[in-house]
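Feature list (source: TrEMBL):
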type	residues	note
REGION	70-91	region 'Disordered'
COMPBIAS	72-82	compositional bias 'Basic and acidic residues'
TRANSMEM	106-127	transmembrane segment
TRANSMEM	134-156	transmembrane segment
TRANSMEM	190-209	transmembrane segment
TRANSMEM	221-239	transmembrane segment
TRANSMEM	245-264	transmembrane segment
TRANSMEM	271-292	transmembrane segment
TRANSMEM	304-328	transmembrane segment
TRANSMEM	340-359	transmembrane segment
TRANSMEM	365-385	transmembrane segment
TRANSMEM	392-414	transmembrane segment
REGION	436-463	region 'Disordered'
Amino acid sequence: MSSTEIQNLGEEPCFRLEQLPGKSPHLAGKASPQVNSRWDAPEVTANGVHDIEDRILRITGYYGYKPGYSSHRREEGSESHAETPVSETSGKGTAYQTCANTVLKVLGGLLVVLCVSSSWVGITQVVQLTFKSFSCPFFITWFSTNWNILFFPLYYSGHVATTREKRTPIQKFRECSRMFGENGMSLKVFLKRTAPFSILWTLTNYLYLLALRKLTATDVSALYCCHKAFVFLLSWIVLKDRFMGVRIVAAIMAITGIVMMAYADGFHGDSFMGVALAVGSASTSALYKVLFKMFLGSANLGEAAHFFSTMGFFNLIFISCVPLILYFTRVEHWGSLSSLPWGYLCGVAGLWLVFNILVNVGVVLTYPILISIGTLLSVPGNAAIDVLKHEVIFSVVRLAATCIICLGFLLLLLPEEWDTVTLRFLTTLADKKTEEHGEELTESSVHTRSRSRANGAVSIPMA
């Protein structure tokens, strides 16, 4: 027995098949199979872990054993553990991105709410300042409406700056005119679709300015908030919208506030006339919105910009004769053009244009309910200016009427499924409290038993 054979006694027996002389180790016409032998096993690592595990599995006769099985399983396990954090990281990244987008949308909405409220307060206050030197409400309305022509050029400029798609203004204008029909804009469609809305728009703003000559800015802005209740009533009657009891209550509250506002100074004089003008402005505004929904439906930002610019053109072409008639009949007479307060006039027109842009842009970028809240916040904004600057003293009846109208406005903002959502939330909250109470009882019973065992007593549960 040689020294090499003696050294191999400590290892497992090894048999080697020698090739017969003249014979091929493979059958003719057969593919040579890959036979795993001892020398095909994976290489032994520095610590020999792979080789030891392979030998143990081979000796014990592990079913389905293949050389290198343990190393392959270890590598697969390491790969699976390496892949799991990646999927978890991607999921967490998606959730984080969604949360960040929601937060940004809410913050942007709050900023839009502040801007909408500030612009509406600015319109109301600047108009009252304009009336001190230029008391021509229809001319102010006509001049401000003409500025709506700038809506589409501003939209097109923003569209070109924010997108890679480059279209000519005519192409974009024709694309946005599809809201009027498949054939786009024509003279017949222009007169048929634009004329009613332009007249209602002018009438709404004109009545609002007339009311500002009779009442304070706070009263007029509060009464104008009743348009939300009128929109619901008209939509329920004309558009057959869903009936909601809470909105009927809100409409009743709005009507109650109107009556209280008219009763504050008695049903006579400028106060009653001012209330009637403000309610008329809210009514025409509601009719404008319901008809828009009926005939034109919903519109995106480009279509809204197209529509406002179209109304501006209609106002400039067809309604320009009305200020001239009022001028020559001396209903609204002014001196030379150089004597007009152009600073106040441009301020009112610019704020009105900004308000219209913010309302339509805000609906696209954030939640529509925030835009309505911005209109409502103009009431306390005007009240603060009236008290601090104009030293207006509000009676208890007026304050109560304003609060009732604002509360009804908030009720009208509730979604249609608010009752179902509220009941579901209350049920979930009650179930959660029950679970927490059960956990507290379990913890207290365990604590009591542990204390009794520590004192040497045994607690026997009651049957």
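Glycine too: its Cβ is placed from the backbone N, Cα and C atoms.
TrEMBL: automatically predicted annotations, no manual curation.
Within the same chain, residues 140, 209, 212, 217, 220-221, 344, 347-348, 351-352, 354-355, 358-359, 361-362, 365-367, 370-371, 373-375, 377-378, 381-382, 385 sit at least 6 positions outside the transmembrane segment (106-127) and bring their C-beta atoms closer than 8 Å to a C-beta of that stretch. In this chain, the transmembrane segment (245-264) does not touch the transmembrane segment (304-328); fewer than three CB pairs sit within less than 8 A of each other, excluding pairs fewer than 6 residues apart.
Segment contact holds for the transmembrane segment (221-239) and the transmembrane segment (365-385), given three or more CB pairs below 8 angstroms at sequence separation of 6 or more. Sequence-distant neighbours of the transmembrane segment (392-414) (same chain, 6+ residues past either end, Cβ-Cβ under 8 Å): 216, 218-219, 222-223, 225-226, 228-229, 232, 246-247, 249-254, 256-258, 260-261, 263-264, 369, 372-373, 376, 379, 383, 386. Contact between the transmembrane segment (340-359) and the transmembrane segment (245-264) is not supported, since fewer than 3 Cβ pairs fall under 8 Å when only residues 6 or more apart in sequence are counted.
Contact between the transmembrane segment (271-292) and the transmembrane segment (190-209) is supported by 3 or more Cβ pairs under 8 Å, counting only residues 6 or more apart in sequence.
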